[in-house]
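Next up is a structure, given as structure tokens.
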Amino acid sequence: MEATPERQPGAVGCLRCFWEFWNYETPKVIVVKNRNLGLLYRGVQLLILLYFIWYVFIVQKGYQEREVGPESSVFTKVKGVARSHGKVWDVKEYVRPAEGGSVFSIITRVEVTPAQTMATCPEVSIPNATCDSDSDCVAGETDVLGNGERTGRCVPYYSGPGKTCEVLAWCPVETGQTVSESLGKMAAQFTILIKNTIRFPRFMFSKGNVKSNNGYLKSCTFNETTDRYCPIFRLGAIADWAGENFMALAEKGGVLGVIISWNCNLDLPDSACTPSYSFRRLDPRKSPASSGYNYRFAKYYNCNGTTTRSLIKAYGIRLDVIVHGQAGKFSLIPTIINLAAALTSVGVGSFLCDWILLTFMNKNETYSSRKFDQVRASPSPPCRALPCPGQGSSPPSSSCRRGRHTALQRPSRSPSTLLPRHSVHEGSGVGVPAVGVPRAPPHRPRIKGTVGVVPA
């Protein structure tokens, strides 16, 4: 009969690891009866729960999937008529550009240099243009701040005793003696229609800021309470809402921003998604060097075969329509993520209280001895009984029973780990249980952790 082959130690170890994987493990729980520590623990838990419930889920709507930055289209239209000293201004003259985009300007004051022709004339009084003789003016030279090309002659200025270099340019050049015309008083009554349509492609949702009623826009102006869907604004009202004095703004010009915000909760009906408007000045008002808004343009004429032009320096109010927003809708994924974060964060209270307990309250290591068990990584091999010297198989004598014997040491405080101690009568080779030593209990499932109560 063939002998059964012995199992290899490596195979036995792998099989043991496989079955150990299916064991259940539970942490050790210690109840510390300390009221101050308990109040701190519950207080930290309460603060964490309030943060997640109120801020994360109610304010930030952490249960929603969000999309920021909608697709947007803006169309504008200005209406109104104004009169200056010498003419009547309509929309075609004071709105630039006329296409009706999201950025446009309305002229409120102009300085006109009329009847300019291509000729030679004195340059304006700038630092590099003043001269005493022709040698100070180099022919063909130009200046960044000048108006034309120098001819090499030094001529008297338009008024006063000074001289400047002569230039080939559109003459007379622009000076401080130009004609000024203002539209400020009547420009405050100009009306501006701002049509805006947005779309959130992720949710396939789109909406506009105008009512579908065709006759509604003919008799309304914007009111945040009663006419939110009538985006017709007076220019003077926009300046007031931005905190600016309209007449001072019309004199030097400036840049105003019209901000349209769409914050849509798509879990509610579509009617709950409404635009909100805010207004502010965008150019730095407190910096004289960079505040204000102006630009130049010219109107050309042909008079008796001679080309002439009128140079216009326009001061105005530029309007920038800025659209931004976000939309949210319930989604299971962010809800699960935020719930998991909330439940995980509750453990911060346990970590904090454990640190206080073991750092400041652990007198004589009372708590640490209950909280931590030191278990050997690999148990010691079982001790083998040794025979008493000089004896064979005869029954063990009392001296041998009182003699040497070995026992397994207890690895933990659990009574289940007590193993029987054995002694062997000298010369017999047969182990006999030692007197007064408890026998090992029957095998029971091993539990990693116990529940203990530690008094304060």
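Glycine residues also receive a Cβ, built from the backbone N, Cα and C atoms like all the rest.
What TrEMBL says about a protein is an automatic prediction, not a curated fact.
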With reference to TrEMBL, which of the candidate residues Cys131, Cys171 participates in the disulphide bond with Cys154?
Cys131
The disulfide recorded in TrEMBL for Cys121 goes to which of Cys137, Cys165, Cys171?
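In TrEMBL, Cys121 forms its recorded disulfide with Cys171.
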Can you tell me how far the Cα of Cys131 (disulfide bond) sits from the Cα of Cys165 (disulfide bond), in Å?
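Per the Cα atoms, Cys131 (disulfide bond) and Cys165 (disulfide bond) stand 6 Å apart.
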If you count Cβ atoms within 10 Å of each one, which of the disulfide-bonded residues Cys121, Cys137, Cys165, Cys220, Cys273 comes out on top?
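The residue with the densest Cβ neighbourhood is Cys165.
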Determine, using Cα-Cα distances only, which of these recorded positions is closest to Cys165 (disulfide bond): Lys77, Val78, Lys79, Cys273, Asn294.
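Closest by Cα: Asn294.
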Measure between the Cα atoms of every pair in Lys77, Val78, Lys79, Thr191, Asn294, Tyr295, Arg296, Lys313, the residues the record assigns to ATP, and report the largest value in Å, rounded to a whole number.
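Greatest Cα separation within the listed binding residues comes to 24 Å.
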To the nearest whole angstrom, what is the C-alpha distance linking Asn294 (ATP binding site) and Cys154 (disulfide bond)?
32
